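Peer 1: Below you will find the structure I want to go over with you.
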Amino acid sequence: MGTTASQLGKELLSEYQELTFLTKQEILLAHKRFTELLTKDEKDIPNVRIPMERILTLPELKSNPFRKRICLVFSTSEQKDGSLTFEDFLDLLSAFSDSATLEIKSHYAFRIFDFDDDGTLDFNDLQTLVNCLTGETDETRLTPEEMSQLINNILEESDIDKDGTVNLSEFQHVISRSPDFVSSFKIVL
Amino acid sequence: MSTYNNGGFFNPAYHDSETLEIDKRSPNRSRHTNPYAGDSSGVRPDVYPTSELSRDTGRAPWGGRPEQSWDGGTGIPMDLLSTHPVNPAWRPEHSNMTMRWRGLTMKRMFQNSESNLPFADNAIMTQVENEEMNLVRDLVAMSTRDRVRAIRNLPMSFQEKKHIRNQVLALISSKKSRKSACLGDCSEQFSRSYRKCSSNVKSARQTLELWQGIMKEIGGKFGTSVLSYFVFLKWLLMFNIFSFLVNFGFITIPQLVYDQSPDKPANASFRGLELLTGAGYFNNTVMYYGSYSNDTLIGAVNYKMQLGYFFTIAAYMVFCGVVLIFSMANSFKTNYALADSTSSGAWQLLCSWDFSITNERAVRQRKNNLRIQLKESLSEKAQRKQLTTSEKLKHFGIHLGSWLLSTALTFGCVASIFFLCQYEQRRMSDSGSFSPLQEAETLLVPFVVSLMNMVVPLFFSLFNKFEHFSSQRRQIYALVLRNVLLRMCILGVLCYYWMNMVATKFSCWESVVGQALYRLVIVDFIFLLLGSFFGEFLSYVVGTRFLPRLGVPEFDVARNVLEIIYAQTLAWIGIYFSPLLPVIQILKFFILFYIKSLMRNCQPPRQTGRAAQMKTIFTALLFFPFFIGALSIVGYTAWSLTPSEHCGPFRGLNSTFTVVELWIGDVEEIPGSEWVVFIYQKIIRSEVFYFLITLIILVVVYIFWQVSQGRKQLIVLLRRQIVNEGKDKLFLLEKLQDLQKSQPNQRPKPKNKSKTKLHLEEFSSNGSSNSNAMVQVLLARQRAEEEEERERVRGLPVPVESTNLTHDRQQSSSNALALAMQARQRAESQTREEYYSRAGFTENHVNYQHRADEQEENSPTSVNSVMMQVMQARQQAEEEEEEELKRMQWVPAASQNPAPSSALIQAMLARQQAQNEYDDGY
């Protein structure tokens with residue numbers, strides 16, 4: 001613990017504390033876990049990016065059906081390859097932490113569910129979402145009729161302005177009405 | 001393409017209509033349009049900072065993203081664009097540019113286009129800086145705490161937040177240095193240290209958090225709903241630890257200090273059976289009410305045992321009540337007031353995916369469950385309508401039958417317990433010392449009670465299987481209700497027995513009741529252990545080894561939570577009779593936690609959703625029947641029952657509450673304490689006071705109720721309004737779509753002039769919204785073109801002025817139009833170049849330029865030859881459309897073409913803008 005603390009520096013640590021929803025311990029733990037993912041050569045490079053594949057070896061993310069989306073959403077990489085710097089990683093943990101607000105959580109959930117990054121959840125996004133959650137194989141997948149019925153139900157329920165897609169405010173509206181979301185949208189290291 | 005897909009295709013255009021046509025026309029265009037200026041400056045000044053901020057963050061994603069989809073939709077691949085070289089001069093500005101989402105995506109957008117032109121850079125940078133300035137200004141105006149929170153709440157990446165924060169801090173410090181106020185400095189210092197302190201406390205609390213690792217593991221394996229059981233258990237454990245500390249500190253320690261060896265009968269020796277029965281050896285220890293003295297302990301201060309006992313118990317009960325009310329109200333607020341009962345649907349399931357699950361098998365299982373639930377919800381919806389009357393009658397009959405059966409069962413249990421108690425009472429002597437057999441006999445009642453608590457719910461579950469419930473939730477509620485009823489009735493009859501029979505028969509009846517409660521707690525604990533061994537472990541073994549078709553048992557959250565609620569109720573009732581009962585309770589919960597968390601035999605429950613609502617219900621249950629029940633029993637004991645004459649702190653008093661009266665009598669003698677007496681006489685003891693308070697509370701409740709009714713109506717109205725707006729939007733989008741489908745052949749510009757002018761006039765009043773106007777102009781132009789086109793082709797009647805003219809014009813204008821079209825295209829290509837070379841233009845200039853682009857004839861420079869052609873074309877058109885021209889004179893800027901559908905277009909634009917704002921607000 002002591003070494004990681006000295007690596008991070010007091011100033012930086014308090015900045016991290018102020019800008020994220022994480023406590024000191026959580027930041028230190030995150031830093032520890034992050035440096036464990038680094039190879040030897042990378043350890044000295046400042047602001048090093050860990051490629052998505054290596055991030056996904058974390059047990060907390062390994063079996064998450066949205067793991068790739070999570071990395072892509074939180075990555076600030078120019079190449080859109082889902083690689084994370086430590087600060088991206090902190091961002092991720094902050095959004096998934098216990099104390100993050102509903103607004104932040106729903107914002108990021110929306111972006112995670114928005115598979116084609118077009119700013120709305122349309123039919124295809126919802127279909128991918130449902131497939132993600134029910135399993136990708138043919139036998140576990142819903143039949144096309146069920147799927148279209150389900151998505152029509154979803155849209156009927158949440159698409160208030162009837163434009164055929166769910167936008168962020170509609171999504172946040174839905175989220176605010178499903179109380180389980182806050183407790184389940186959580187990743188703890 | 002289905003309707004929905006179409007809608008989706010158009011939706012981004014709708015949300016940011018400004019970007020719509022531009023990107024479609026050519027990627028280059030986007031650089032001199034700034035869609036964001038208008039709405040930010042238009043609304044900003046009069047909006048409260050925080051809400052403004054949240055509004056901004058709320059609408060962030062469509063700030064800039066839509067153009068992506070639009071690009072995709074119009075066949076300009078994003079990737080292609082993003083490979084364009086980026087102006088090196090642009091690079092250094094990056095960190096400055098990264099603003100809210102919009103800023104960010106705007107940057108992306110401009111990177112995409114090969115913007116080597118400083119002009120574009122300038123425009124954008126001004127814009128983004130404006131945005132940033134506004135945000136920073138809002139943040140500076142906030143208090144430190146709000147600011148930290150607001151920055152933390154911005155949905156953007158860490159780097160961007162950091163940048164904003166640095167800017168804000170820089171601004172603040174520059175302001176500070178100007179003022180150089182010591183006071184501000186001090187308060188800053190104070191708030192900083194406060195923040196530091198609170199974050200330290202937070203992290204310390206996290207370190208001290210009990211069972212963090214286990215909790216995480218449970219959450220990872222079983223998900224949140226099972227985890228909520230453990231959280232609940234831990235919460236109750238905290239209650240008991242607090243209660244133990246209070247009781248031990250204020251009741252037991254003074255007693256022990258005062259008198260180390262309370263008079264115990266000589267024959268009392270520890271035999272081991274006492275651990276179960278609580279009688280015998282324990283009878284005369286500080287465990288029970290009976291062995292506390294009623295004296296005033298003389299030490300450094302006088303400690304009145306009676307008052308200490310009374311107020312400790314009272315304070316603890318009040319504390320529990322307050323905590324329960326707050327946590328209940330809180331979870332009602334978040335889980336019920338907001339939860340929409342009508343939407344039982346798929347979203348709930350999709351949103352309740354547990355991100356905390358880390359176990360591969362659990363993930364698979366959960367996916368399976370989710371699929372089944374989704375299918376069920378679909379079939380449920382389909383099924384609901386098909387119930388015939390006879391089926392309904394049948395269901396009703398089964399419900400009625402099972403309710404009758406379960407109620408009968410409950411009353412049977414209650415009656416048998418009552419007779420058993422009477423039998424026990426006859427057998428027990430008041431001597432205080434039992435033979436081992438007699439002592440063991442006392443275990444009969446707790447044994448039967450616990451057995452009933454364990455077995456009867458199984459019958460209830462059995463009934464439940466035969467019943468047909470329309471929803472899962474109702475099934476759980478019915479089950480919970482029956483179980484609660486059973487436990488309440490059993491506790492009720494036990495209390496009746498204690499209060500009415502034990503209290504009159506035994507000389508030190510409080511201790512007897514305490515012992516009975518002790519036994520109940522212990523036996524209940526044993527049954528819990530047995531239950532989790534047989535119910536969960538054995539059925540796991542059977543389910544995996546012998547009868548795989550039975551499957552692994554599920555972890556039944558509802559049953560388990562009810563069990564611990566019941567256990568806690570026993571502890572609450574017992575707190576008066578046996579102040580150290582919380583110790584037993586702590587041990588019990590502690591062991592239970594480990595047993596349950598080590599029993600990895602269960603599988604997570606199939607029904608995953610609604611965990612939060614279940615938790616609310618359990619908190620409410622804990623409060624309403626159970627805590628209130630315990631409180632009223634303790635209250636009844638303290639107010640109405642005569643304490644035993646020869647033991648306990650209240651010996652010799654009429655009722656426990658008399659202590660307070662006596663104390664007030666003492667207080668009266670102390671000078672300066674009249675107010676205490678006054679409060680006691682006029683408030684605590686006066687009926688009028690309570691009467692008035694009740695009246696006032698009723699009135700307030702009524703008013704709040706009315707207000708909430710009003711709000712409900714308002715919500716319905718607003719909802720209707722949203723739906724209407726949505727319909728409008730859909731209609732307009734369809735219109736737009738139609739227009740776009742009808743091949744927009746390029747035709748001459750002149751007609752646009754009037755509209756452009758109008759727009760310019762419209763927006764010129766709004767200084768910084770020019771670029772918005774620009775975009776709108778562009779939009780309007782294209783739409784007008786298309787409208788015109790369509791009109792020309794189909795000869796549709798146009799809603800506005802020119803209906804009577806359209807016919808003539810249709811033929812006459814076509815050749816002129818063709819000419820002008822060519823001219824315009826050439827002009828455009830030239831103007832564009834010229835355009836971007838003008839670096840130092842302000843936005844108004846930009847606008848001007850823009851207009852030039854659209855109406856080449858007004859362009860001040862360089863495009864003369866093309867202009868000439870256009871002029872010619874226009875003249876031709878003028879000649880050919882004389883009538884029209886005459887009619888057009890009303891437009892100040894002598895436009896040549898009537899722009900027939902301008903009214904419609906303007907309406908569309910206005911609608912879209914309004915809708916955008918509406919969306920933001922929403």
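Here the Cβ of each residue, glycine as well, is placed from N, Cα and C on the backbone.
Unlike curated records, TrEMBL annotations are generated automatically.
Residues or ranges marked as compositional bias 'Basic and acidic residues' in TrEMBL: B:15-26. Look at TrEMBL and you will find B:748-757 tagged as compositional bias 'Basic residues'. Annotation comment: TrEMBL describes B:508-612 as domain 'TMC'. Look at TrEMBL and you will find B:1-72, B:741-769, B:873-897 tagged as region 'Disordered'. Taken from TrEMBL, the feature transmembrane segment applies to B:226-251, B:307-329, B:400-421, B:442-463, B:475-499, B:520-542, B:570-595, B:616-639, B:688-705.
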Peer 1: Please report, as numbers and ranges, the same-chain residues at least 6 past the borders of the transmembrane segment (B:570-595) whose CB is under 8 Å from any CB of it.
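Peer 2: Contacts with the transmembrane segment (B:570-595): 211, 230, 233-234, 236-237, 240-241, 243-244, 247-248, 251-252, 286-289, 292, 309, 312-313, 316-317, 320, 491, 495, 510-511, 513-515, 517-518, 520-522, 524-525, 528-529, 532, 564, 626-627, 630-631, 633-634, 637-638.
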Peer 1: Between the stretches B:226-251, B:307-329, B:400-421, B:442-463, B:475-499, which wins on the count of C-beta pairs under 8 angstroms to the transmembrane segment (B:520-542)?
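Peer 2: Most Cβ pairs under 8 Å with the transmembrane segment (B:520-542) come from B:442-463.
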Peer 1: May I have the DSSP-based helix, strand and coil counts for the residues of the domain 'TMC' (B:508-612)?
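Peer 2: Helix (H, G, I), strand (E, B), coil: 79 helix, 2 strand, 24 coil.
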Peer 1: Could you tell me whether the transmembrane segment (B:688-705) and the transmembrane segment (B:307-329) are in contact, taking contact to mean 3+ Cβ pairs under 8 Å with a sequence separation of 6 or more?
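Peer 2: Checked: the transmembrane segment (B:307-329) vs the transmembrane segment (B:688-705), no contact.
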Peer 1: Give residue numbers and ranges for long-range contacts of the transmembrane segment (B:616-639): same chain, 6 or more residues beyond its ends, CB-CB under 8 A.
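Peer 2: Distant Cβ neighbours of the transmembrane segment (B:616-639) are 232, 310, 313, 317, 320-321, 324-325, 327-328, 331-332, 335-336, 477, 480, 484, 488, 491-492, 495, 499, 561-562, 565-566, 568-569, 572-573, 575-576, 655-657.
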Peer 1: Report, as numbers and ranges, which residues of the same chain sit near the transmembrane segment (B:475-499): CB under 8 Å and 6 or more residues beyond its ends.
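Peer 2: Same-chain residues near the transmembrane segment (B:475-499) but 6 or more away: 406-407, 409-411, 413-414, 417-418, 421-422, 425, 449, 452-453, 456-457, 460-461, 464, 467, 469, 509, 513, 516, 520, 558-559, 562, 566, 569-570, 573, 607, 614, 617, 621, 625-626, 629, 633, 636-637, 641.
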